[in-house]
Amino acid sequence: MKAIKRIGVLTGGGDCPGLNAVIRAVVKTAIRRYNVEVVGIINGFHGLVNDVMVPLNEESVAGIVHRGGTILGTTNRDNPFRYAVEKDGELAFEDRSEQCIQNLRKHNIDGLIVIGGDGSLNIAHQFHAKGVPVVGVPKTIDNDLSSTDYTFGFDSAVTTATEAIDKLHTTAESHHRIMILEVMGRYAGWIALYSGVAGGADVILIPEIPFDLGKVCDHIRARNERGRKFSIVVIAEGASEKGGEMVVQQRVEKSHDPIRLGGIGQEIAHKLELCTQMETRVTVLGHVQRGGSPTSADRILSTRYGSSAVDAVMAGYFGHMVALRTPKIVPVPLTEAIEMKKVNPQGQLVQAAKAVGISFGD
Ligand SMILES: Nc1ncnc2c1ncn2[C@@H]1O[C@H](COP(=O)(O)OP(=O)(O)O)[C@@H](O)[C@H]1O
Ligand SMILES: O=P(O)(O)OC[C@H]1O[C@](O)(COP(=O)(O)O)[C@@H](O)[C@@H]1O
Ligand SMILES: [Mg+2]
């Protein structure tokens, strides 16, 4: 096996708290533990296609463990295997993966660390199939990647959503209102489930458990009869009524991922107001849950992921992603890692939530 002298690192897809802590751990581990150089690739795969790279040293990553976002920048548009270009005024897609491989060679990069979600890790997997020595790190606030107990960024998003629920509680109680909080998560209900349980929500609606609005109304009315004249509903952006469809805010047809979810909170607000006769308000948390400082748990997880990713590169675990299998971080094949992980409706957390009186509308 070729000796590793230089590692490249990039962040791809939606940003999330903890990215900088991973980058810092990659750089420090590479330099301190292995005496290996690190090159940062700017704006994810865009920088790999267009050869925009910067050397990273301990100085470049000083003081960033607590900072949200990514010092390398990211994009969720650029897929090297389906790269958007303008041809004769028309949009066309080209395979630029060979150009990326040449750029990696030009910079003598012997190992590539891709920090990303399902989309970026899919691209990483395709590069590995072409012989690129790549290792993945599971990033996403959604926690929807299989093979790992948790992705980094999830705990920070849950913390932000929980704080929002705490705040909605005080105003809901004062005004005797229903407060609906719509959270992110795409097709998985992890953020809604965890923040809903942590924040003491009355109703949690997730994509994995299609809901019956009548049952949600009954639950809220029963609370009213017990003297609890307000209710908090946490709803995942991908949740839908039984027999209904997910609410799509926008379709971006040219994108690999054309569906932008959003709007289910507003849609059920009207219906809940009608059936309960209670004033209802909606808060869409949006990108607030993706921004800001990572929690201490995410800083620790990110540091472990970053340092283990370098270990994986040095040990030749290419085509793998570092995954948390409590209490260890282990390499798992990217093919397994990019499968989607959903909430198990029969799982212990859903059952515990039901035991304390939370309705899932089922
Ligand atoms: N299933 C897929 N296979 C290959 N590429 C994908 C797939 N899904 C998304 N992509 C591409 O991966 C890039 C990042 O995807 P995105 O979902 O935004 O980020 P993330 O890495 O956080 O999942 C985009 O360029 C997108 O076109
Ligand atoms: O910022 P955008 O492009 O609107 O994307 C919003 C989506 O990105 C997320 O915040 C994170 O998803 P990824 O980790 O796959 O990027 C989802 O929860 C949400 O649906
Ligand atoms: Mg994705």
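Don't overthink the numbers, they just go from 1 along the chain as shown.
Backbone N, Cα and C define each Cβ position, glycine as well.
Sequence annotations record features per position, and here TrEMBL assigns domain 'Phosphofructokinase' to 6-313.
TrEMBL lists Gly14, Arg77, Asp78, Gly117, Asp118, Gly119, Ser120 with the feature ATP binding site. There are 15 other Cβ atoms within 10 Å of the Cβ belonging to Arg77 (ATP binding site).
The Mg(2+) binding site feature in TrEMBL is assigned to Asp118. The DSSP secondary structure for Asp118 (ATP binding site) is helix.
The Cβ of Gly119 (ATP binding site) has Gly12, Gly13, Asn76, Asn79, His256, Asp257 as same-chain neighbours under 8 Å, each 6 or more residues away in sequence. Marked as site 'Important for substrate specificity' by TrEMBL: Gly119.
The feature substrate binding site is assigned by TrEMBL to Thr140, Ile141, Asp142, Arg177, Met184, Gly185, Arg186, Glu237, Arg281, His287, Val288, Gln289, Arg290. Counting Cβ atoms from all protein chains shown, Arg281 (substrate binding site) has 16 others lying within 10 Å of its own Cβ. Arg281 (substrate binding site) falls within a strand when secondary structure is assigned with DSSP.
On its own chain, Asp142 (substrate binding site) has Gly117, Thr151, Phe154, Met184, Gly185, Arg186, Ala188, Trp190, Ile191 as residues at least 6 apart in sequence with a Cβ closer than 8 Å to its own Cβ. What TrEMBL lists as active site, proton acceptor is Asp142.
Summarising the environment of Arg186 (substrate binding site), the number of other Cβ atoms within 10 Å of its Cβ, over all protein chains shown, is 24. Taking a C-beta cut-off of under 8 angstroms and a sequence separation of 6 or more, Asp118 (ATP binding site) has the following same-chain neighbours: Thr140, Asp144, Leu145, Ile338, Met340. By neighbour count, meaning other C-beta atoms within 10 Å, the densest spot among the binding-site residues Gly14, Gly117 is Gly117.
Taking a C-beta cut-off of under 8 Å and a sequence gap of six or more, Val288 (substrate binding site) has these contacts in its own chain: Thr160, Ala164.
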